[in-house]
Amino acid sequence: MEDRRERNNAVVKELKARLGLNGFKTLQGLSIAFQHGKMAIDAYYNQAMETLQGDAALLLELASLLPDKAKSQAIKQHHLTQSDPTPAPVSEPLDRRPRDKLSRHKQPLSQHTKSSKGGFAFSGPRAKAKQGERLVLQDGLVLLKKVLSPETQQWLIDRTFELGNGIDGAGGGFYKMEGDLYKLNRGTKGRVIAPIEDFPQEYKDECQEALANAMSVDPTLPAMDANVVLVNFYSDKGNLNWHRDNDEGKANTALNLGRPVVSFSIGDAADFGYKWKMEDQEKVVRLESGDVLIFGGPSRMILHSVIQVYPNTKPRTLKMNRGRLNITFRDHSELDDSEINLGYDGDNRLHK
C-alpha cells in the first residue's frame, strides 16, 4: 500500500511538472470521466495521449495506478491495438494550442453576433442544440449541452434537497428571498456559500469532468480546484438581476487568475443573459436541464443575470418541484479569508 502511494505521488508530481496545472486538471477530468463510464476507451486514450504529448509510457504508468483493474487493463489492451503504439509527441500541450487546431470546436446552432471582446454569442431566435454539444460562446464562456445524464440530475436533486432540509446534520433549509428566489444555507447579503466538503465527492467529480470537457474546446479557460458550492433554487417566477460574481475578492482580479465558475442547470429552462457593461446590449442563451455553463479566464468578470425561468419545461422524468435548481462551483484556494466578499457586486441584486 505504501509503495503504491509513493508511486502515485511520484506520477502526480511528474504530471504537474510536465503538463502544468491546466494540463494536469484536464487529464484528471478525462480520467474521472473514463472511470465513471462516461467516456469510451478510444476517446479517453486519444485525448489522454494528446494531453500527455504522446508519452505512452507515462499513460500506461498512470493506467497501472487506477483503482479499477478492469479499466487499467482496458487502457493497456487498447494501446496494444494501435497501429503505431508509440505515436510522435504532440508539438504543443492542450492548454496552449491555438483554437484553429481544435477539431472538436463547434459553433452554436443559433444566430450569431460578434461580441466586442471577440468570440460569438447567441442572439435572436434560439435553435435547439444537440445533446453533448460544446458551444464556445466567446473566449472563456462555454456551454455544454445536456451533459448531465437524467440519472445524475435526479441524484443531484435528491441529495441537494436533502442537504437543504438539514439531513445528515448539514443544517440550513431553503429560505424564500425577493424575486421568488430560494437559497440553500442562506448567508451574508443573500449569498449562499458552503465548503465542498459538506457535499458528496460526486459533486466535485462532476464539476472537474465538466471543466475538462470545456477546456478541451476553449484553451483560454484556466484550471480551478472547486472548494466551495453555491446552491440556488428558483421558482418558476424567479429571476436574478445583473451582477458580477466577485466572491473571490481582490486577489482574483489583481492577479488576473480568472478561475472559472462552473454552473449546473437542472429543472425548468431559463434565459441567461451576459454582457461586459451595463449599457451594452445583452446576449442571451437558453439553459436547459442537464446543461453546464462555464465562464472564466477572459470572461470571468462578465455581467450576467437570470432573466426568466420558463414554467413546465423540465423533463417529465425528473422528480422535483416546479422551478430551476442551480448548483455552482467556485475556487477560493490560496486566498486570504479577509479577501473573500460574500456579497454580489452591488446591493439589491435580487428583485421582483
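FYI, residue positions are counted from 1 along the chain as it appears here.
Note: Cβ is positioned from N, Cα and C throughout, glycine not excepted.
Just so you know, TrEMBL annotations are computer predictions that nobody has curated.
So that you can see what the record holds, here are the features copied from TrEMBL:
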{"type": "BINDING", "residues": "HIS243, ASP245, HIS304", "note": "Fe cation binding site"}
{"type": "DOMAIN", "residues": "225-333", "note": "domain 'Fe2OG dioxygenase'"}
{"type": "REGION", "residues": "73-126", "note": "region 'Disordered'"}
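Under a cutoff of 8 A between CB atoms, and with a sequence separation of 6+ in the same chain, the neighbours of HIS304 (Fe cation binding site) are TRP242, HIS243, ARG244, ASP245, PHE272, GLY273, TYR274, LYS275, PHE295. Taken residue by residue with DSSP, HIS243 (Fe cation binding site) is part of a strand. The 10 Å shell around the Cβ of HIS243 (Fe cation binding site) contains 15 further Cβ atoms across the protein chains shown.
Note: the domain 'Fe2OG dioxygenase' (225-333) comprises 9 helix, 47 strand, 53 coil (DSSP; helix = H, G, I, strand = E, B).
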